[in-house]
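Here is what TrEMBL records for this protein:
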BINDING   162-166, 225, 269, 320-324, 349-354  ATP binding site
DOMAIN    46-131  domain 'Phosphagen kinase N-terminal'
DOMAIN    159-386  domain 'Phosphagen kinase C-terminal'
């Protein structure tokens with residue numbers, strides 16, 4: 001592990017806790033909602049001008065994003081002069097949504113403290129996306145549940161092509177993407193490699209760094225839907241792709257059923273997948289992989305919001321369980337399909353992304369809500385598609 005500063009003391013400032021072990025008390029406290037005045041540092045004059053410019057641009061835009069919905073002039077005036085202890089400003093939070101008015105959400109957390117310093121914006125966005133998780137609510141304790149109760153969703157193999165369960169994790173001691181230096185990325189990659197080297201059984205495999213990967217190998221992994229790629233305009237506008245490809249890579253087992261992304265949107269994306277609909281086996285593999293990694297790495301967990309990540313849509317459990325399913329009869333009517341999915345707190349993504357129509361009626365359907373329920377409850381949402 002790196003010897004980076006861990007939970008540095010910040011008098012009178014909200015802090016983010018490391019993962020709590022049984023019997024431990026939080027190393028910091030964060031009250032329900034309400035926000036924080038920030039670090040007291042002044043916003044640099046050039047940045048202050050950019051913040052005002054960005055808001056004026058947002059005001060003129062036609063957008064259905066949650067950023068547009070909740071960043072009113074009153075909220076903006078409260079937040080525009082705040083700075084987090086790590087030096088993040090409101091511009092860091094909103095820049096992606098301003099540059100991409102077609103965003104669904106439009107905000108990112110440039111560092112962990114942003115969730116409290118800019119709570120007047122994050123809290124309503126979180127409540128809206130996570131279906132009523134209020135500023136006074138607390139995310140429940142970790143509960144993986146009983147794997148054996150999750151059966152094969154499509155034992156006859158008629159509809160489900162493949163199933164995937166993943167979760168995001170932030171490693172203690174590192175900021176989020178906009179505040180990551182190249183040295184941070186490289187050290188984080190080394191820490192992850194050390195943890196990967198200790199994996200055994202079905203989780204054992206090989207790490208490949210993007211910096212040394214051949215173009216052909218990279219294309220092969222992307223075409224096979226195993227590897228992420230650079231170029232996402234939402235992440236780029238949110239300053240999540242700096243120093244690319246330094247510190248990024250993929251760990252993969254020989255059967256391509258367990259993998260970990262390093263340095264994409266989150267520090268780690270831990271993924272279990274296979275063909276068919278055996279949700280229980282796939283979920284079990286991911287959980288056991290997370291537990292093995294926890295023996296070497298310490299993951300950041302907030303006392304109210306659960307596991308903290310870069311995007312507010314991935315708080316709490318951070319778990320996304322999805323099936324790639326072919327629906328020949330309703331697949332051509334995306335509006336009806338999304339209406340049905342919404343009734344069960346599910347999210348529909350076409351082969352070209354969210355809100356895209358699939359040519360053959362195949363869609364990725366997953367749990368939408370990740371905050372305010374247990375890991376087991378989040379994964380169980382996936383059973384609604386069977």
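Note that the numbers count up from 1, one per residue, in the order the chain is shown.
Each Cβ is built from the backbone N, Cα and C atoms, and glycine gets one as well.
Features per TrEMBL, on structure.
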{"residue": "162", "record": "ATP binding site", "Cβ contacts under 8 Å, 6 or more apart": "273, 274, 275, 276, 323, 324"}
{"residue": "165", "record": "ATP binding site", "Cβ contacts under 8 Å, 6 or more apart": "271, 272, 273, 279, 282, 283, 286, 319, 320, 321, 322, 379"}
{"residue": "269", "record": "ATP binding site", "Cβ contacts under 8 Å, 6 or more apart": "166, 167, 168, 169, 228, 260, 261"}
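Within the model, the domain 'Phosphagen kinase N-terminal' (46-131) shows a mean pLDDT value of 96, rounded to a whole number. A simple Cβ count within 10 Å picks out one of the binding-site residues 322, 349 as the most packed, and that one is 322.
Here the domain 'Phosphagen kinase N-terminal' (46-131) is broken down by DSSP into helix, strand and coil counts: 52 helix, 0 strand, 34 coil.
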